[in-house]
Amino acid sequence: LAENGPRLLVVAEQAKIFSHRGGNVTLPCKFYHEHTSTAGSGTHKIRVKWTKLTSDYLKEVDVFVAMGHHRKSYGNYQGRVFLRESSENDASLIITNIILEDYGRYKCEVIEGLEDDTAVVALNLEGVVFPYSPRLGRYNLNFHEAQRACLDQDSVIASFDQLYDAWRSGLDWCNAGWLSDGSVQYPITKPREPCGGKNTVPGVRNYGFWDKDKSRYDVFCFTSNFNGRFYYLIHPTKLTYDEAVQACLKDGAQIAKVGQIFAAWKLLAGTVRYPISRPRKRCSPNEAAVRFVGFPDKKHKLYGVYCFRAYN
């Protein structure tokens with residue numbers, strides 16, 4: 001039967017699709033029979049199953065299953081996914097209102113009787129990777145705390161691919177941080193003594209996989225879709241943290257998050273920095289960057305404030 005019957009083939013017209021948080025996307029997938037011109041043989045019902053692959057490929061997360069008139073979506077995909085079905089052989093999956101967790105590789109599996117085949121499509125999100133450390137200082141997050149820290153910054157833990165793309169775009173950061181697969185790594189574009197040694201080559205340094213409960217590092221977060229305006233609020237006085245929150249709210253905005261300042265810096269080719277009227281050694285760095293001052297006392301220290309106003 002395998003030699004004489006119609007052999008099922010599943011293909012993806014594109015191996016990689018790009019979108020952003022809040023958008024809609026179609027993951028392409030079509031199926032054919034090698035020895036016939038029709039989409040199906042007509043003797044068996046076609047079953048289409050979409051799953052999401054994990055970073056180690058050993059586990060799959062159910063996304064959507066269709067067979068005949070029966071449809072079922074799973075988890076946080078419920079109500080957001082359906083088949084395009086533009087033709088008899090179209091098994092493409094439409095994902096609506098994309099969230100950060102949708103990033104990753106998806107497998108389209110088509111089953112007909114004893115035959116089946118698969119294709120894999122990667123969904124990439126446009127966004128920004130940024131390093132994050134907590135109030136307690138450097139290397140104080142286990143993996144689970146790192147996940148919560150990113151969520152608090154309206155983001156998720158970055159994947160290795162996202163960190164690698166950020167490194168290729170110029171991200172240089174000496175502190176090691178958690179990634180979504182449980183590894184600890186950091187990107188270096190300018191090798192130097194404290195960061196792997198000045199005689200090493202640029203790259204993403206890998207500390208390997210560590211205990212998610214006991215080991216403590218910083219974290220690299222990823223966020224997407226900045227449909228708004230990041231700006232420095234002109235205010236007659238310096239503000240405490242609570243006063244800064246209220247000042248942004250009064251201006252129809254919210255106090256900016258870390259990912260938003262990194263995104264603004266990236267989009268404006270490094271021009272978002274604190275303003276200096278009298279350039280001097282401590283306040284005039286030699287290169288464009290997002291400078292980190294630390295976590296001052298929220299109740300008593302006074303500063304200006306960066307706000308973010310979302311567009312309607």
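Each residue, glycine too, has its Cβ placed from N, Cα and C.
The model shown is predicted, which means the values in this text are computed figures rather than measured ones.
Listed in TrEMBL for this protein:
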- CYS174-CYS195: disulfide bond (DISULFID)
- 6-124: domain 'Ig-like' (DOMAIN)
- 128-223: domain 'Link' (DOMAIN)
- 228-309: domain 'Link' (DOMAIN)
Most isolated by CB count within 10 A, of the disulfide-bonded residues CYS174, CYS195, is CYS174
For the domain 'Link' (128-223), what are the DSSP-based totals of helix, strand and coil residues?
19 helix, 30 strand, 47 coil
Just to be sure I understand, if DSSP states are collapsed into helix, strand and coil, how many residues of the domain 'Ig-like' (6-124) fall in each?
6 helix, 61 strand, 52 coil
State the mean pLDDT for the domain 'Link' (128-223).
93
